[in-house]
Amino acid sequence: MSVPQPSAEAGPSRSKLSTPRKAAHASGNAPSSPAQNDEGEGDNPRTDLSAVAATPRGTGGDNEGEEEGDEERMDIKLIQSFADKIQHLPSSSDADGITSRSKIIIPRRGEKDFEPLSETVNLQEMMLQKSREALFNALVGVRGGNSKSISHAIITPSNPYPKMLIIHGHLFDTIGMSIRYPTSEKDLQKGKSKGYSQTELLPEEALYLLERGTLQIWMSNDLTEEEKDKGYGEWSDEEYGVKGAVEMSVMDGFGTFIGRDGLSWERYQAYAYMKRLGYTVQRTRHFIPDHFLFDPLPSPPKEPARDPDALYPGMQPFHTWWLNLPKWIAGLFRYVGRNVRNVVGRISRVGLSSDKRFKGTLLEGWTGDSYKSIFQHLRLIPQGHSQPLPIRPSPAPESLRTKYDILLHNPYLPFYHIWKPSAPFTKRGWDKGSESGLRDYPPTYWAGVVESRSTPIPTIQQLDEIFNIVPDEPKGPVKKVGPQYVRPPRPPRPANPNNKNNQTKPPTYLQAILQRLGVSTKEDKPSTPFVNIPAIRNGDRAFIVAVNDSGNTGWVRFGRSGFAEFAPV
Amino acid sequence: MNDLPKNGESSTSISHPKEGSIPLYLVNGVATVWDAQVAATLHCVHNISGLRAGTLPGVSQQNGFLGLPLTLMREETAYLVEQGIAHLIPLPSFPTLPTTEEISQHTSKRIEKIRKLEQQAREAEEERQKLSSQAFEKGGEKARAKREARARAKAEKERAAREQGGDGAFGDDPAPTVPAPTTAQVQDPSEEGTVQSSAIPTGSTPKDTAGYFQTIPSHPLIPSSSPVQPITSLPLPLFPFSATQRDKALLGVFTNLQHKGYRMGLGPRFGGEYLIYPGDYLRYHAHFTSQVIVNDEPILPSQLVAWGRLGTGTKKAGLICCWDDRAQIGKEGREEGVEKEDGGVEYYSLEWANFG
């Protein structure tokens, strides 16, 4: 029924690391080391000594690595290219006794019984040492940035959703949700408006920005009115920070946000994975915490309802009798057609000397005139996705304490909506994932997140539950948007003179007559039934799943396609 | 480990259950490492690599190479704790806030530090301005001649354009502008890459200064006054691994292979529990993909075929690790012997071969 496909089809595939690798090759700024000679040439450098000898770099090295699949063994030049790019503290802060670059001591093991047997062993040791240095020097980077580009938020024990105080940068075009609050009594007396709104962050958004070094979250105790009047909990230029608060560390951030509101490690890592690639990611409406959906001041609808059907989906659409006219006419034709076919069938059966010879076989009672009708008659189990599935007990509503408990019953339920970077998106238009918001800004992917070691493959009921909520896949050819599809313009090819010969000649007089008589030789080739293979492969409904193995995220796509809809006979 | 530098940040002091034991911070059931030096020690001394899971500072828009924190596999965590190499510190679901005095103390320290930074930045800028103007003056006859020639050429071009276009759109001053360092240029080169989104100052940050480098700390700045009880034995509710028999087998095989000098990586990508490297993965490809068999678990022929072909297809050998808990019990009662050496795990490697 469903066709799990490797992620190559699904779009957000695992990055192949081609860019940094190539950059390292081209620039050649990695320190010259013997490691350059060992580009994954042989499977095992220990036995493949020829690779270590000072030969020029093999060209086949990279291909070998590609075949190997995932980056199972890291290339020193790749690591070095990243180590060169990481962010350190600027040297000016040396004055406070803080070293800008902490030197990592690479522990050496077994130096006592180190015995240089030959030059190669020596070389290998050196290579390894260099790789380790590169690896751990790439880890000493410091999060942060210029004070003018850092955003600030505050978190208090009573509101674990960081409230934005200062917003910098375009990341916030797709991150954070605005919440309306009623103004307090005191402020109302001062003549302020009835409500105010502020931007707050979901746990994954806060954590992503924090560990990216773009957001400083300030922790503070819950503030009394008195403290608020004194400016506590607000940004203070004199204090270079939020008054009465202390900076939250990234470690604290992980402890605080992971495990909150259904944000497991796996879901956070899937979120961060897509965000790092530039996708827009939002939770599906069902999994947005109530805190964000609660509106204390329901504002009156600003614009007249455009589509009454969408606003009141429970209501029957407005109908008058004349709207049914086409339907009646079509029904009439169907009725006539069926009768005609029945008559024809009866006549042909008479020709076949009645159906008595099917007596006692599975075909008994078959009244048809085509192969399709035979197959339909023989079918015991109904086919097609419109048929109801055998019923499985659904979870008792009282067992679902929070809105995230449903994920225990069906972990594949889409948790995130994902938009391609090129897809249009505005937070206002998206409208916290409301029905109209998703219609105006349809997500590119619906994504579930599962843990790979303990989660079994979905049951047909679980899949059906999801396919019932996801929209139809877009029909027609795939829209290719993005820089990877832009081809360099080709010089116009000179018109091929041979083309003229290929043009079909008008049929000769004889052929035309033969065709009209139906005995043309052209029709000899049996026409194979047309099957739209890409459509079958793609399916009519689909969603993707981030499969997380101890922190390694892979992507799988589940599509629904039925052979009943694409019957070639 | 504690006295080693921590990414240039102040370190937290933790009461160690054992001298030299490494703290692993438990976040929602996953052990994490937050210090590059600890990561290096684990990698080089204890043969545990973990998985880098954090956005790399400075190169934050890619997934190919991630940074700290390091997350550890369940087996890695349990192994380190059981061997007494490390202990677990569960992180609270909301950090305990420091007292008001601590906050005000910390705030005054921060103010002092940033003032100093700003002062330095200002001085550095003045210095740079002076130097650049000096360099501009001292550029010598050659440079000046070049500059003038450039200016002349530009003026010439503009005049030509004006004559052609006739609308006089290019009415700029043709004189070369002095390259005065603007605030945008003062940014430290090391910050390039992080500031990818152009900053639109909407808040009330001071605009007269060039700004300073603001660090997002990775460790808590004010160590918690109420230390959490470190965990030194497993399993427990916060980390339930190695409670079931299957878990015990996984851990048993992991520990056994570690003692034999192998290193383990994540195996599910290759259809097994672990990838088994003969040494540092920076240097070697994995040689085996493991399949852990508990006690007398039967093996179907089709499974053998699958494992064998899988191993060959990925240029590895399948390794069937048969773990027997009865041997474990027997081992404890016995003195040094053959059983002790193989730890109750038998290994069979599986390779696909054909005739001819």
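Each residue's number is its place along the chain shown, starting with 1.
From the backbone N, Cα and C atoms, a Cβ is placed for every residue, glycine too.
Bear in mind that TrEMBL entries carry predicted annotations, made automatically and left uncurated.
According to TrEMBL, the feature active site maps to B:Tyr277, B:His285, B:Lys316. As annotated by TrEMBL, compositional bias 'Basic and acidic residues' applies to B:118-130, B:138-165. The annotation compositional bias 'Low complexity' is assigned in TrEMBL to B:171-187. What TrEMBL lists as compositional bias 'Polar residues' is B:193-207. Sequence annotations record features per position, and here TrEMBL assigns domain 'TSEN34 N-terminal' to B:22-89. Residues annotated as domain 'tRNA intron endonuclease catalytic' in TrEMBL: B:253-328. Annotation source TrEMBL lists region 'Disordered' at B:118-208.
Note on the domain 'tRNA intron endonuclease catalytic' (B:253-328): its mean pLDDT in the predicted model is 87. According to DSSP, B:His285 (active site) sits in a coil region rather than a helix or strand. Taken residue by residue, the compositional bias 'Basic and acidic residues' (B:138-165) breaks down under DSSP into 27 helix, 0 strand, 1 coil.
Per DSSP, the secondary structure of the compositional bias 'Basic and acidic residues' (B:118-130) breaks down as 13 helix, 0 strand, 0 coil. Under DSSP, residues within the domain 'TSEN34 N-terminal' (B:22-89) fall into helix, strand and coil as 18 helix, 23 strand, 27 coil. Taken through DSSP, the domain 'tRNA intron endonuclease catalytic' (B:253-328) splits into 27 helix, 22 strand, 27 coil.
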